[in-house]
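Copied over from TrEMBL:
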type	residues	note
DOMAIN	1-63	domain '2Fe-2S ferredoxin-type'
BINDING	C15, C20, C23, C45	[2Fe-2S] cluster 1 binding site
BINDING	C85, C88, C120, C122	[2Fe-2S] cluster 2 binding site
DOMAIN	206-391	domain 'FAD-binding PCMH-type'
BINDING	234-241, 324-328, D337, L381, R399	FAD binding site
BINDING	Q749, F780, R894, G1061	Mo-molybdopterin binding site
BINDING	F896	substrate binding site
ACT_SITE	E1243	active site, proton acceptor
Amino acid sequence: MTAFSVRLTGTKYGCGGGGCGACTVMISTYEPTSKKIRHYSANACLLPICSLYGAAVTTVEGVGSTKTRIHPVQERLAKCHGSQCGFCSPGMVMSIYTLLRNNPEPTSEQMIAALAGNLCRCTGYRPILDACKTFCKVRSNDDKNTRLCPLVWRTVGKKNNFFSHKISTRLFSTDEFQPLDPTQELIFPPELMRMAENQPKRTLVFCGERMTWISPVSLDELLDLKAAHPKAPLVVGNTSVGPEMKFRGVFHPIVIAPARILDLNVVTHMDDGLTLGAACSLSLVKDILTNAISEFPEEKTKVFCAVLQQLRTLGGEQIRNVASLGGNIISRKSTSDLNPVLAASNCVLNLASKGRKRQIPLSDIFADGVGNNTITSEEILVSVHIPHSRKGEYVSAFRQAPRRENALPITNAGMRVLFEDGTDIIKDLSIFYGGAISTTICAKQTCWTLIGRHWNEQMLDEACRLLLQEIALPGSASGEKVDYKKTLIVSFFYRFFLEVLQSLKKMVNYNNSLLFQDPCHYPGVPMEYRSVLQDFQTKMPQSIQIYQDIDPSQSPQDPVGRPIMHQSGIMHATGEAVYVDDLPSVDGELFLAVVTSSRAHAKIVSIDTSEALQGPGVFDIITAHDGITLAITHHDKVLTVICVGQIVCAVVADSDVHAKQAAAKVKIEYEVLEPVILTIEEAIKHNSFFEPKRKLEQGNVDQAFETVDNIIEGEIHIGGQEHFYMETQSVLAVPKGEDKEMDVYVSTQHPAIIQEMVAASLGVPANRIMCHVKRVGGAFGGKLLKTGLLASVAAVAANKTSRAVRLILSRGDDMLITGGRHPFIGKYKVGFMNDGRIRAVDTKYYINAGCTPDESILVAEVSLLKMDNAYKIPNLRCWACACKTNLPSNAAFRGFGFPQSALVTETWITGVADKTGLSPEKIREINMYKENAQTHFKQKLDPQNLIRCWNECMEKSAYYSRKTAVIEFNKQNYWKKKGIAIVPMKFPFGLGTRYLSQAAALVHIYTDGSVLLTHGGIEMGQGIHTKMIQVASRELNIPMSRIHFCETSTRTVPNACASVGSAGTDVNGMAVKDACQTLLKRLQPIINKNPKGTWNDWIKEAFEQSVSLSATGYFRGYDENMDWEKGEGQPFTYFLYGAACSEVEINCLTGDHKNLRTDIVMDIGCSINPAVDIGQIEGAFVQGIGLYTMEELKYSPEGVLCTRGPDQYKIPAVCDIPEQFSVSLLSSSQNPYAIYASKGIGEAGLFLGCSVFFALRDAVTSVRNERGLKNTFSLNSPLTAEQIRASCADDFTEMVIGIGERCLSVFG
């Protein structure tokens, strides 16, 4: 509806399942009885349009636009640099805007909560939150960051050896912001208000092509409908039924929507509790419980508090605003955070069917597992009664998820205990778990057995053993470890035990009637155990950005070195920025849906398209016979698939819905082939590799191993990573109708390769294919060769049908088809002296390339070239092998092998530290490059700035004093530990060969003095067009406002190299500079004759003198080379340096962690745009946090990707960024090789995310040392909560794996 019927394209379609927030809109409803207007945010991708009868929908266009008025939210998001690729920006705007409509002066906690349902892959969230802070009621002195270590500000405030130039900490000025005026907002449409007041409610019936939507207005009518259509689901928020229909192929011919029935929206305060209508939204329930907690005595509100605890992290605001209490219960999903606590709390369900009403305990619907039929198909859940808690009753709820907020739980629990009056003897006990199996489960036998027991250590020990016996967990095909869930089951009960113990201790102090007042009999919870009773909270981060200010003598008009806003920032925030799927519909346009292989390695015996061709709106089916030879492998005319997700054919239809429906009807018969190789270990076993294997060696490694004091050996596994660009792969192919010409509008980093591949598929010269790229909604290396394949399929379809064809991959298909970062196994052998000097390293990298080589050999080469990171190793041998497997081919990804190989390096660095007893930072300092040296491939480097970054990061982070504080904290806390780590970085810049870094630009000057600039670089969030306009502004000495960039096109700049490897600004900047200097040289005689003239005067005169006002610029590329036979060369042009210090806190009971603080110092030369560059560092760093600590790809044994969307695959959210976040750009750094002494910055910061990994390792090491676990241990990446919990071995983990026979010791 949004894109094509009403032409409102600002709302973006990011995932289709309510998991990313890109499609956030504001819904406004009017209640005639109370005469109140309610505003709430919601995910448009889940909102059935039928449910919006009588509601007003505000999209980002309704908030403000450049054509009318820009709203303060849009302005501040853009001017605070909170937009990079811009695809998530409209959703961010709508979440913030909706909050401000309800509360013009929100608290920082409310603001953070409002953004919990929105994802951003580019910015790292800090600049978005900076914009949010400007609206908050109680603001700390954010621009001075008083919460940061005073050392930071003492350093900034004085001139020392680090800072001989003026330093700035302001990336934007709040003085420029227009004030927020709530009186100027859009009013609720009067016609809807009149309709609500004057028109009686009536049943609504909407009939579609395949289904009917019925919305009754009375309970009796609903019961009649349910009796007539017992299988029809009830839909309120569509957060459960919607995804099932969209992603799992579930079809319901009739849907009943009961949200308008008053009986289902009742809120009744009763003497014994609250009765809430089943259609009440979770947000409303949250508000009601919050009010009730403030009104009732604490003794009565323990159930309310426990339910509220779960509601705070259940989904994002958008989900809670529409999801209903009843839907959450009736769905009986194991992932419900509410059901366990509601069931444990003795909540009661009020049910109704035609001619019958009854009440049942909520726990009854979980009595017999998934086969339970307590509620009949004709019955309706009308309301839920949540009771008051009683004297001597304690209720708690727990959850652990892959991400703390807006994530389905791995395991959750609800627990309640009631004691005999005045004692610690259990009178009643309820324990329910969710996430463990397919529905909520009750530990009934355990509870019965424990009744009558005292609440003490003996009871705890017995309870844990009983729970593990009773809760039987099946193995998981998706790879989730059963042991972790079992550990959580007993850890949650232990946490409950401590909470109750602490509460009972308080009761001892206040109630003299208790029977166990002897402090020896009842010691309470020791201080060092109490911190685990507090969950990690998400706070508004404090941040600081430090960079070298421009020279005072620089012209005010010269923008280079200034924090200039992204040129499209305002349009990102208003939704006016156009992406491929926003392009207007072309007359007769068709849509394409791909059909992919469901087998990892098989022959295709037959493809039956007959049923699909009969589907409504289907035009044709594109197969290998039509020329998409890149899609499937041919062997002697036999079609063979070599991975799940490989494109087999594609359906062309008149709508996206019809195309997908038909694609689901294509039947493919397979003959499975052997072997099916999915993992690196299997590839090694079958000797399945792509050639060539690569090796680098320096010194005499074998001899060095004979002379060292110690040798360690080990390996680390590093998982892959999904690009998760917010805009999925998108193509629009438009035949021009003559000479076989075609325009291809595509979201890609490399238009020239798209042009080449499409031309080859169509059998036409490249000059017939014009590729256009306005902007890309994120790429990170993932929109290169795979995009060319998809564009070729779309182009073949367009050519065959002579119609425009649009192909927009769904998030699930995108993740299934495209591949991502290469998984690694790094094996190492390291020889070192007792004083920490590393003398010899022998390491081997195995990378999972997938089914075709793509860029994998290059990734292997780069991983070898960059593996030394910041360390001088005199004797070094390293190998890299690309493994051929039956997974989708893995691709380029930000960092290109360096984040993996350098993590292996830092792992053996910490291994050496463990063995020598020295600290990791000392080992790093001892082995760091310290003077002019050669790398292991004989390229010279000067490490001066590496040492400066390290020392400055040490000082700014106050590393040693904080390390002391961490040690002290760990002594005082048993179940929570902190860790701190500091990691250096040397990141070589270069693409390895000259032709890959050539660039061209085209600059036109028009007679009115305006300038049109184009170049071969692609804008994908890194601000390249903004920087190129800055370059042109300086060179031509005119304001940026006079320069415009239209699009990147193969029509204007041919044969452009890909925008990869952080090189876009370097190479295109040189080309733009060349073109501008050519023009200025032509204008110089005219300027010399009229030095006091204006720019317009000179241009007018030039035109009249027939001086060409158009020029191309060219840059040949960097002189880079590498000889792999000799193992030496100059593959890089220069080096970036950096260091990061991170501090974390872990919960040893669950494995959860909190990122407390990060300080980054980065050498990026002279920044062309500090705001853009710092944004790139922060965004890359947070993406690195994802890689190293949370983003986990899971495959079935058959090779099917199980993590195919934001529900299953978790990228960092607002809750994951450090509470204190400092980024400093190294001052007085020059780079003679790049434009204006800058350095390419896009990739380097990602690796610094591993400082969080090693801080977590430090915390785990503290746990293990305290518990006497001296044996060496290994941690793999991503270092998830599951791994952390398993490494924090204790009585509970031993009990789970069957070796804990002794009794539990509660307090150590």
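Keep in mind that glycine also has a Cβ here, set from the backbone N, Cα and C atoms.
Feature map: TrEMBL annotations on the structure.
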residue : record                          : Cβ contacts under 8 Å, 6 or more apart
C20     : [2Fe-2S] cluster 1 binding site : G14, C88, G91, N118, L119, M726, R811, P1206
C45     : [2Fe-2S] cluster 1 binding site : Y13, G14, C15, G16, G17, G18, C23
C85     : [2Fe-2S] cluster 2 binding site : R121, C122, Y725, M726, E727, R775, V776, G777, G778, M1020, G1021
V236    : FAD binding site                : A257, P258, A259, A279, S281, V322, A323, S324, G326, G327
N238    : FAD binding site                : L46, L47, P48, S51, V322
F780    : Mo-molybdopterin binding site   : R121, H723, Y725, F893, R894, Q1183
G1061   : Mo-molybdopterin binding site   : F896, F989, G990, L991, G1240, E1243
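Cα spacing between C120 ([2Fe-2S] cluster 2 binding site) and Q749 (Mo-molybdopterin binding site): 19 Å, rounded to the nearest whole number. Checked against Q749 (Mo-molybdopterin binding site) by C-alpha proximity, the binding-site residues L234, S240, N328, L381 yield S240 as the nearest. Residues Q749, F780, R894, G1061 are recorded as binding Mo-molybdopterin; their most distant pair of Cα atoms lies 13 Å apart. If you draw a 10 Å sphere around the CB of Q749 (Mo-molybdopterin binding site), it holds 24 other CB atoms from the protein chains shown.
Each residue in the domain '2Fe-2S ferredoxin-type' (1-63) gets a DSSP state, and the totals come to 8 helix, 19 strand, 36 coil. Within the same chain, residues at least six positions away from L381 (FAD binding site) with a Cβ under 8 Å of its Cβ are A278, G326, I329, I330, L349, N350, L351, I375. With the fewest other C-beta atoms within 10 Å around its C-beta, S240 stands out among the binding-site residues S240, S324, N328. Of all Cβ atoms in the shown protein chains, 24 besides its own fall within 10 Å of the Cβ of the residue listed as 'substrate binding site'. Here the Cβ of C122 ([2Fe-2S] cluster 2 binding site) has 30 other Cβ atoms within 10 Å, regardless of which shown protein chain they belong to.
Shown in sequence order, S83, Q84, G86, F87, S89, R121, T123, M726, G777, G778, G1021, G1179 are the same-chain residues outside C85, C88, C120, C122 whose Cβ sits within 8 Å of the Cβ centre of the [2Fe-2S] cluster 2 site.
Within 10 Å of the C-beta of the residue listed as 'active site, proton acceptor' we count 25 further C-beta atoms, all protein chains included. Note on C88 ([2Fe-2S] cluster 2 binding site): other Cβ atoms within 10 Å of its Cβ, all shown chains, come to 29. In sequence order, K226, I256, A257, P258, G326, G327, I330, I380 constitute the residues six or more apart from L234 (FAD binding site) in its chain with CB-CB distances below 8 Å. Apart from C15, C20, C23, C45, the [2Fe-2S] cluster 1 site neighbourhood in this chain, defined by C-beta within 8 angstroms of the site C-beta centre, holds K12, Y13, G14, G16, G17, G18, G19, G21, A22, N43, A44, G91, R811, P1206. For the domain 'FAD-binding PCMH-type' (206-391), the mean pLDDT of the prediction comes to 93. Ranking the binding-site residues C15, C23, C120 by C-beta neighbours within 10 Å puts C120 at the top. In the shown protein chains, 27 other C-beta atoms lie within 10 A of the C-beta of R894 (Mo-molybdopterin binding site).
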